[in-house]
Structures are given as C-alpha cells and as structure tokens.
Amino acid sequence: MSIAPPPLSVLLELTHRCPLACPYCSNPIALAALREEMDTAGWRSLLQQAADMGVLQAHFSGGEPMLRKDLPELVAHARALGLYSNLITSGVAGGEPMLDQLQAAGLEHVQLSVQDVDPAGADRIAGYRNSLSRKREFAAAVRARGLPLTINAVLHRHNAERVPGMIALALEWQAERIEVAHTQYYGWGLRNRAALMPSREQLLATIDAVETARRQLGDRLAIDFVTPDYYARQPKPCMGGWGQRFVNISPRGDVLPCHAAETIEGMRFDNLRERSLADIWNNGEAFVRFRGTAWMPEVCQGCPKREIDWGGCRCQALALSGDAATLDPVCERSPIHAQVRAAAEQESASPAPAFVYRRPERLAPAAADMLE
C-alpha cells in the first residue's frame, strides 16, 4: 500500500438535478438520476472519512445541491468534523428558508453562478425565466446573513464583452470575490464548443477588462481569471496535479480525480459503497494512473515545467487527441497544438449553432422551447 499526502478539499456532487440547463455545464452527458444518488448516511460517512484523512475543505455542489433536503444536515456534520464548508449554487432553488437552515448548520461561504448581466442573455443561457432577478434576491439574502459571497461568472462568445458589467454586478451585490472564468470544454461544454468558443480578440478584450478592474479596484474586490485553454501555449495543472490536491465524489458515490474523469474510457472508478476513501485515494487505479510524473511521455519528462503543469489535463488530452496518456494538446510542444488553435479560430469565426441544453435525454426540449 502506498500513502499519498491527503487531498486539500473534497467536492461533493450531491446531485445532477438542476433547475438550470446551461450549455457549458461540466457535468457528464450521462446525468445521474435521483434513484442513483447516494443517501444521507453515505454522504455523512464520506465526510467522516475525509476528515479522518486530513481533508480541510468540503465543497457542496451539483447539479444544484439545494435540491437535497438533507443539505443542512450534511453541512452541520461537516462543521462538527472541523471541515470548512462552501456551497456552490445557482441561487434559484431552496430560497431563504433553506438558507436560514444552512446558516444555522454552520455554512461558511457561498459561491453563486451568474450567466450574464443582461437579463435576456442570462435566461437564454440558463434556460430559466427571470434567472438574474432570482439570483439578485438570493445574493441579497446571503449578504443579509453575513455570509461571504463569491460570484462565478462563466464567459463565452455570447457574453465576453460584458466583463466590466459582471465586475460591477459583483460590487453591487457586495461580493468579496468574483471568478471570471472562460468556459472549460468538458461535458456539456464540449458538446456545445462551437456554440460557445470566443474569438482571440474577445479573449484579449476580457484580459484587458480584468486587468483594468484590478488596477482600479485594488483590494475592494478579489478578481480571479481563468482563460480558455484552446488559445493557450502552456496547459494548466489538472486540479493542481492529478490525484494530488483534490477529490471529487459523484452523485452515485464514485470517487474521481476530477469532475470530468469519467470521460476516460477503460479507467476503473471505485465507489464508496465498496471501498474506503483513503484506500481509493492511495491505491485506486484512477488516482495512481496519472499521479506524479512517471506516466508522462518523453516530451513531458524533459520539460522543466513538468512539476508545475503536471502534463496538463488528462480529460482534455483524451478529448482532443484520443489519448489520455499524452501531453495536453494545448501545450505548444504538442504535435497537434496548431490544430487545436485553428479549430478554436474556425469555430469562433463561424455562425454559432443552436445550444444543446443540459437536460436528461428524456426531458431534453428543443432549444426554442426552453423559454416559452
């Protein structure tokens, strides 16, 4: 048995159910049904095991975690175990009664997604009427209770020019931080890549908007910025390094090195119903496979950044090259790097196709029906 340093944080994807239908969602295409979700006892056990390992943070996510009636109980359990608790939410489910319960349970932070500052644009992306006004009310309720608030704003070709407005919204809503993140193309985001890909000019404009706001605002608002990989020369480290800092639990109880890992065919993902979290983290095939540097191809082995970017994203390597064990094709050392850039430029210059909205197949309406 090998012993790896414990992860810093655990992401609990409590459910794939969600009132929104965002076409950039990173959830898998095959969404877990309600009947497949792990029960309260299973999630409580997971939190206990995480605390016993030395994990410090528990992030409650989904789907929409506020659709789980046991969420306050799970937050209270995390608090009792000494885990920092963070809620990642759409803000359109649960309302103030649930928020009161979560505050009483010891919730320490809220991350609220915002699709756009333009109400019509927000509804179009979310597939949900009056989404922005609902989120505004939720943000006000969060701040009225004294909870720290982070705004998560996802960028794409349809809203990239509104970064200044998103930053202004974060200030208006009294957020302490905003994450301005370009779409990452996994799950539904990959399926909708051609509909979402911004141009290089749009990317440069978003960079300028963020840098300008940072200079003007100073410490009034923390601004994180995530670029789209397809225009990069160097890859980002996968979750701080595959199997090194982060562990993701799917609604079914599968233990994943990252939220998109299930796209890697042929890889075995262990389940908490069958094996302990510590054993999976230390010895599970999915975690050992790409942990460290021994797995890396020769071009990565000789790179001075091999322990900085850790070879980039395994899921992206698979999606773009067909091989999860090769270097991330967004790296300039990749033989298909130029093809990746060319694909992004071609897609962004072409008319955007209709969105494929994030819905279970049996519920998937036509795009034109989403807002009727």
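A Cβ is built for glycine as well, from the same backbone N, Cα and C atoms used for every other residue.
Quick look at what Swiss-Prot lists:
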| type | residues | note |
| --- | --- | --- |
| BINDING | Cys18, Cys22, Cys25 | [4Fe-4S] cluster binding site |
| DOMAIN | 4-220 | domain 'Radical SAM core' |
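A C-beta separation below 8 Å, combined with a sequence spacing of at least six in one chain, links Cys25 ([4Fe-4S] cluster binding site) to Cys18, Gly187, Trp188, Gly189, Arg358. Sequence-distant contacts of Cys22 ([4Fe-4S] cluster binding site), defined as residues of its own chain at least six apart whose C-beta falls under 8 angstroms from its C-beta, comprise Gln115, Ile125, Ala126, Gly127, Val154, Trp188, Tyr357, Arg358. The [4Fe-4S] cluster site is defined by Cys18, Cys22, Cys25, and by the 8 Å test on Cβ atoms against their centroid, the other residues of the chain that qualify are Leu20, Ala21, Tyr24, Asn27, Gly63, Ser90, Ala126, Trp188, Arg358.
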